[in-house]
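Listed in Swiss-Prot:
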- 164-177: compositional bias 'Polar residues' (COMPBIAS)
- 314-332: compositional bias 'Polar residues' (COMPBIAS)
- 385-396: compositional bias 'Basic and acidic residues' (COMPBIAS)
- Ser231: phosphoserine (MOD_RES)
- Ser241: phosphoserine (MOD_RES)
- Ser270: phosphoserine (MOD_RES)
- Ser274: phosphoserine (MOD_RES)
- Ser331: phosphoserine (MOD_RES)
- Ser377: phosphoserine (MOD_RES)
- Ser435: phosphoserine (MOD_RES)
- Ser458: phosphoserine (MOD_RES)
- Ser460: phosphoserine (MOD_RES)
- Ser462: phosphoserine (MOD_RES)
- Ser464: phosphoserine (MOD_RES)
- Ser465: phosphoserine (MOD_RES)
- 162-206: region 'Disordered' (REGION)
- 248-269: region 'Disordered' (REGION)
- 308-424: region 'Disordered' (REGION)
- 25-48: zinc finger (ZN_FING)
Amino acid sequence: MGDPSKQDILAIFKRLRSVPTNKVCFDCGAKNPSWASISYGVFLCIDCSGSHRSLGVHLSFIRSTELDSNWSWFQLRCMQVGGNSNASSFFHQHGCATKDTNAKYNSRAAQLYREKIKTLATQATRRHGTDLWLDSCAAPPVSPPPKEEDFFASHASLEVSGAMQASAQPESASSTPWGLETTPEKHEGGPGQGPSVEGLNTPGKAAPEVSSIIKKKPNQAKKGLGAKKGSLGAQKLTNTSFTEIEKQAQAVDKRKEQEDLARGAPKEESIVSSLRLAYKDLEISRKKDERLNLSGQKKVEAERLGMGFGSCRSGISHSVTSDMQTIEQESPTLAKPRRKYQEDPEDSYFSSSSKWSEQSSRYFDDPMELRSSSFSSWDDGADSYWKKDSSRDPEPAMRSTGSSDRPSARRKPEYEPIGSTDEAQKKFGNVKAISSDMYFGIQAQTDFETRARLERLSTSSSISSADLFDEQRKQTAGNYNLSNVLPNAPDMAQFKQGVRSVAGKLSVFANGVMTSIQDRYGS
């Protein structure tokens with residue numbers, strides 16, 4: 001037995017997927033499944049096929065219905081005898097309604113269904129061999145191809161048939177041209193007897209008058225491609241009395257006029273009532289004016305000041321433009337502006353520096369007193385020494401805050417500019433070019449220390465500003481000592497000297513004490 005061809009495989013799966021239950025996934029219900037489980041004969045989506053593949057081929061053998069072309073006849077028979085509906089009913093009959101894939105296909109019901117599908121597929125393969133369809137899955141009847149219809153020909157035929165039907169229909173209410181009724185001929189008499197003329201004097205039956213001009217026909221169902229049944233849209237006119245229509249129109253106009261009059265009456269009544277109220281208010285206000293005996297300017301002022309006792313409805317209110325008076329201020333006093341800077345900037349600078357120096361001197365005086373009080377218990381001489389230092393004039397502290405702290409080379413030398421221009425002309429009259437140092441005499445006042453430093457650094461290949469101005473470079477944190485941290489002020493120098501003297505005296509005192517102890521207890 002050979003393998004089925006690709007056309008046979010496509011034909012079989014096309015037939016199987018046409019079943020409504022096979023158009024969705026057996027496990028999750030996704031549409032258009034393209035994979036199949038041969039072991040159960042069900043259709044699956046690509047996600048559920050991965051879950052079945054993880055179970056193993058001994059539980060579920062997966063193939064693609066579109067990509068795989070090496071199907072065998074036994075595998076195709078498994079799909080034909082199976083199906084999503086058969087598998088679903090079998091699992092429900094055996095009480096397997098779980099959604100878990102592992103639990104579902106490892107259950108007893110799944111094992112029984114696998115054996116059933118295998119048995120039915122083997123029997124179908126032996127019975128039908130290589131036949132494309134089984135008895136239970138017969139080939140679908142081939143329907144003839146739809147015949148192409150000519151749109152214009154069908155439309156024309158429908159119109160012609162409709163016109164013929166309209167002409168064949170008898171008129172419902174027909175009458176003679178003159179409204180006479182004709183009676184059938186009576187053949188009971190002889191052949192010479194003519195038609196009866198008894199109905200000539202009888203008036204014809206008048207047709208019932210219809211209020212509408214055009215008679216509407218009931219809607220009829222349309223057939224074909226929009227063709228209308230009956231005539232080509234023509235509508236029949238009936239006998240209508242135009243005088244009756246005119247009477248109805250006049251009646252409608254009269255009704256509208258009456259409605260307009262009825263609407264206008266309440267408006268007029270409201271206007272009249274409002275006028276009555278206005279006249280009543282005017283009468284009340286007039287009586288109050290007579291009682292208060294107000295007239296002329298007094299009445300206007302009373303109403304403006306709110307003394308109308310609730311009757312101020314004449315439109316008079318407080319006005320900004322009326323009775324406005326301009327009040328002028330007599331002998332205005334101007335505020336004297338405060339001077340932001342009372343003194344010259346240089347004076348303020350020196351005054352601020354003097355204040356700071358006073359505060360700093362006060363700060364430096366306090367530690368001295370504290371130190372003197374602490375050391376007074378050790379030596380009376382030290383106490384007198386600190387008292388002597390604390391009573392000194394705080395001028396050194398004031399001088400320390402000035403410009404004397406800066407190096408002498410960086411300070412601007414104090415010089416006196418040349419008094420008159422005649423001296424400068426006499427001094428520099430024959431010189432082609434001069435500098436500011438020459439003009440102000442700065443070069444002549446160069447300090448001796450600066451010259452000495454320049455001579456000392458003349459042999460150096462490179463110098464720095466710290467070397468030129470004899471400034472100490474910044475030391476590392478490990479090289480700092482108490483002398484570098486404490487400010488270099490005269491008071492601090494005296495403080496250091498006092499500490500050294502006290503320390504020396506303390507050491508002498510300690511040596512004396514130790515010597516006396518050794519002499520007393522050592523021997």
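Just so it is clear, glycine is given a Cβ too, placed from its N, Cα and C backbone atoms.
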Subject >> Long-range neighbours of the zinc finger (25-48), counting only residues six or more past its ends (CB under 8 A) >> reply: 16-17, 59-66, 75, 78-84, 86-88, 99, 101, 110, 113-114, 117
**OP:** Please compare the modified residues Ser458, Ser464 by how many other CB atoms fall within 10 Å of each one's CB, and tell me which has the fewest.
**Re:** Ser458
Original post:
Any idea what the model's mean pLDDT is for the zinc finger (25-48)?
Top reply: 91
**OP:** Go ahead and report the DSSP secondary structure tallies for the region 'Disordered' (248-269): helix first, then strand, then coil.
**Re:** 22 helix, 0 strand, 0 coil
Subject >> Fewest other C-beta atoms within 10 angstroms, as judged across Ser241, Ser270, Ser435, Ser460, Ser462, which are the modified residues >> reply: Ser462
**OP:** Work out, from DSSP, the number of helix, strand and coil residues along the zinc finger (25-48).
**Re:** 3 helix, 7 strand, 14 coil
Original post:
When a 10 Å sphere is centred on the Cβ of Ser274 (phosphoserine), how many other Cβ atoms does it contain?
Top reply: 10
Original post:
With every protein chain in view, how many other Cβ atoms are within 10 Å of the Cβ of Ser465 (phosphoserine)?
Top reply: 8
